[in-house]
C-alpha cells in the first residue's frame with residue numbers, strides 16, 4: 001500500500017490507463033486487507049507482525065529472456081513441413097478409407113455377436129431364472145415404473161379416503177341445494193299468504209314467475225346430483241369388486257408378490273447344486289467374452305488413431321500398394337482375436353443351452369414361467385383398473401367442486417332476490433294500508449254529515465239538558481268522531497287508526513264541540529298495538545322502519561344465466 005502511494009505521487013502526468021491500473025490495484029488490495037483483518041479478528045486470532053520485521057518481496061520473473069542468436073537460427077525450423085504433395089495426399093486418403101472399412105466390418109461383427117447373446121439368453125430366460133432361484137426377482141422395467149407410480153399416488157388402500165371425499169362433497173352440495181330451495185319456497189309461501197289476504201290489491205308479480213329461471217337451474221343441479229350419486233355408486237361398486245385384483249399393488253416391494261423357483265421336494269440324484277453351479281460358471285464365461293469384445297473394439301479405435309503413414313508415403317515413390325498391404329496387416333491380429341471371440345461365444349452358447357435344459361427339467365421351469373406370466377398380467381390388469389377408477393374419482397371431485405361453486409352463486413342470488421322482495425312487500429303493505437285508511441275516513445265523514453243534517457234541533461225549542469252524540473253507535477262499533485259503520489274488513493286485519501302516526505284530525509261537521517259530552521273513545525283490545533301490522537311474518541331480516549324510505553326498487557336480473565353448466569360434464573354419463 002505504501003509503495004502504491006509513492007508510485008501515485010511520482011506518476012503525475014502519466015497516461016490515464018496507467019493511473020486506472022494503479023487505482024484498481026489499490027482498491028483490490030484494500031478489499032483483501034479488510035477481509036484478512038476481519039477473518040483474523042473473528043477466526044484465527046493470530047498476532048500480526050510488524051511490517052518492518054518482514055523480508056522484502058522477491059521479484060517475479062514475468063518473461064524468459066532469449067538470445068538473439070537463437071531467435072535468428074533457422075536450422076531447427078522446417079518451414080515446409082506441413083506441405084504435402086498431391087499424390088501423397090490422395091494415397092493417404094485411400095489408405096484411410098481401407099482402415100475405416102476394416103474397423104467398420106469388425107465393429108459390426110462385434111455388435112452382432114453381442115445382440116445374438118442377448119437374444120439367446122432371453123429365449124432361455126437367463127439369468128432371470130438363476131436370480132429367481134436365489135430370491136433376486138425383478139419386474140420388467142415398464143411394469144415396475146407403473147407400479148411405483150400407483151404406490152406413490154396412494155395405491156388401492158388410498159381409494160377409500162378419496163371415496164369419502166366424494167361422499168362429503170356430494171352431501172355438501174345437496175345441503176346447499178336444499179337450503180337454496182327452502183329460501184325460495186319460504187318467500188313463495190309468504191307471497192301466497194299476502195295474495196290471499198289482500199286479494200286484488202296485491203298487484204306485484206308472483207314469485208314463481210320471477211324465479212322460474214333459477215328454479216330450472218336448481219332442478220338441473222338436482223338432476224345432475226342424482227346422476228352423480230349413481231356414478232359414485234358405480235365407482236364404489238367397482239372399487240369393492242376389483243379390490244382383490246388391485247390389492248397386489250399394495251405389496252412393498254412389489255417383487256414379493258412374484259412367484260419364485262423352489263427346489264424339488266424329492267431329489268433323485270442330489271445333483272441340483274452341481275447343475276446350478278455349472279450353469280453359473282458358463283454365464284460368467286459368457287460375460288467375460290462380452291467384456292473382451294468391448295476391449296477389442298477399443299483397441300481397433302486406438303490403433304487407427306495412432307496409425308500415421310504420411311511420412312512413409314512422402315518418402316516413397318511410385319505405387320503404394322505394397323506399403324498399404326504391409327500397413328493393413330497390422331490389423332490382422334485384432335481381427336483374428338475378434339473371430340476367435342465370436343467362435344468361442346457360439347460354442348459357449350450351445351453349452352449354456354444344454355445346461356439350461358437340464359436346469360429347467362430339474363426345477364420345473366415351465367410351471368414357474370407360467371405362474372410368473374400370470375402374475376405379470378395380474379399386475380398389469382390391476383394397474384389399468386386402478387388408473388380407470390382413479391380417473392373417475394378425480395372427475396367426480398372436480399365435478400362436485402365446480403357444482404358447489406355454482407350452487408353457492410345461485411344461493412347468493414336467491415338471498416339478494418328475497419331481500420328485494422321483502423323491501424317491496426313492506427312498501428306494498430304500507431301502500432295498501434294507507435289506501436284502506438283513506439277510504440274508510442272519506443266514507444265515514446260523508447255519512448256523518450248526512451245524519452247530522454237530519455237530526456238538527458229546532459231553534460225555537462230549548463236545548464236539551466245534556467248534549468247527546470250525533471248518533472247512537474251500535475254495540476261493539478267504534479263511535480269515535482269521524483268514523484261511521486266500517487265496511488267489512490279483510491280477514492287479516494284489526495281496525496286501523498285514522499292514519500299511522502299522523503296528528504289527530506279536527507272533528508268533522510256535526511260532531512260534538514269541545515266541552516260537550518262525548519262517549520269514551522274506543523280502546524283497542526288488550527295486547528294489540530295499532531302501530532304494528534296485524535298479520536305476522538311479512539317483515540324480512542332487512543326491514544328497518546326508521547331507516548328504509550319508500551321508493552321504487554328495481555328487480556335484480558335474476559334471470560341472467562350462470563357461468564356453470566354442470567350438464568356438460570364428461571364424468572357423469574347416462575347409464
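Just so it is clear, glycine is given a Cβ too, placed from its N, Cα and C backbone atoms.
Keep in mind that what you see is a predicted model, and the values were worked out from it rather than measured.
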Coiled coil range according to TrEMBL, out of 97-127, 128-158, 159-189: 159-189
Long-range environment of the coiled coil (279-306) - Cβ separation under 8 angstroms, sequence gap at least 6: 99-100, 102-103, 106-107, 110, 113-114, 117, 121, 126-127, 130, 330-331, 334, 337-338, 341, 344-345, 348-349, 351-352, 355-356, 359
Same-chain residues at least 6 beyond the ends of the coiled coil (159-189) whose Cβ lies under 8 Å from its Cβ atoms: 206-208, 211, 214-215, 218, 221-222, 225, 228-229, 232, 235-236, 239, 386, 389-390, 393, 396-397, 400-401, 403-404, 407-408, 410-411, 414-415, 417-418, 421
Averaged pLDDT score, the coiled coil (159-189): 93
